Amino acid sequence: MADVALAANLSGEKSPHRHASSLASTSSDEAYRLRSEALTTDASKLEDGYFLSLRIIGSFLGTSIVVVATYFQFQALAAVLTSAVYPDIGPSTNVALVSTVWSAAQPIALPLFGRLSDRFGRRNFALGSCALSIIGGIVAATAQSIETLIAAEVIIGIASGVPAAYPLLASELVSNKDKYISTALVVVPNVIATGFGAYIGLALVQVANWRWIFYIYIIIMVPDTALWFFFYHPPSQQEIQQNGRA
């Protein structure tokens, strides 16, 4: 019904009953195209309540959560690497690589995500990164050696290329004038991870063990994956290019 309302809005119809038969035939793909055009030209043409719809709220919430989870595990693990992780599953001369491989994998994955998702779609890569993150979290949580933990951080680092593109993920769902606001809304909660991640990691070691960093990471990523699966439906790259939003 929202797609039908959008089509009516963009075509200038005042009454939803005037051309009910033609509106009813509007495909979902056409509605997404019209929505993309409206976001580019005149956001007032969007259906009422677009920015408060479950689609937008769910997409923004999912993006914000995945950013927090991504940087939380990195900050928390770095804080306890030598004091808790190394004594537990060491010794190893490669312990310094645990943080290094994540830092190297993310900037490699980020541009690849941008270019490949232009071709194959953002949604598929976003969901794929969530699945990869959960796999990496499981490997890390069950690691019995530093080398296994390094492999897990490579996986998580590759997956983190998508969350690192949060300005892109958020801004494509809003009009041009609202891009800065959307980016801020998504990234502000990340202060929890970047500001307190190390403290939380140290606290977890005191009351449990370092593996809880990854237990929490997995627990966060599962509902985030569900949010993106149900609500994240960004415009296709063809729609973006046609409407001048690239």
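A Cβ is built for glycine as well, from the same backbone N, Cα and C atoms used for every other residue.
Those TrEMBL annotations? Automatic predictions, nothing curated.
Residues annotated as domain 'Major facilitator superfamily (MFS) profile' in TrEMBL: 50-246. Annotation comment: TrEMBL describes 52-74, 94-113, 125-143, 149-169, 181-200, 212-232 as transmembrane segment.
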Taking 52-74, 125-143, 212-232 as candidates, which has the most Cβ pairs under 8 Å with the transmembrane segment (181-200)?
52-74
Averaged over the domain 'Major facilitator superfamily (MFS) profile' (50-246), what pLDDT does the prediction give?
92
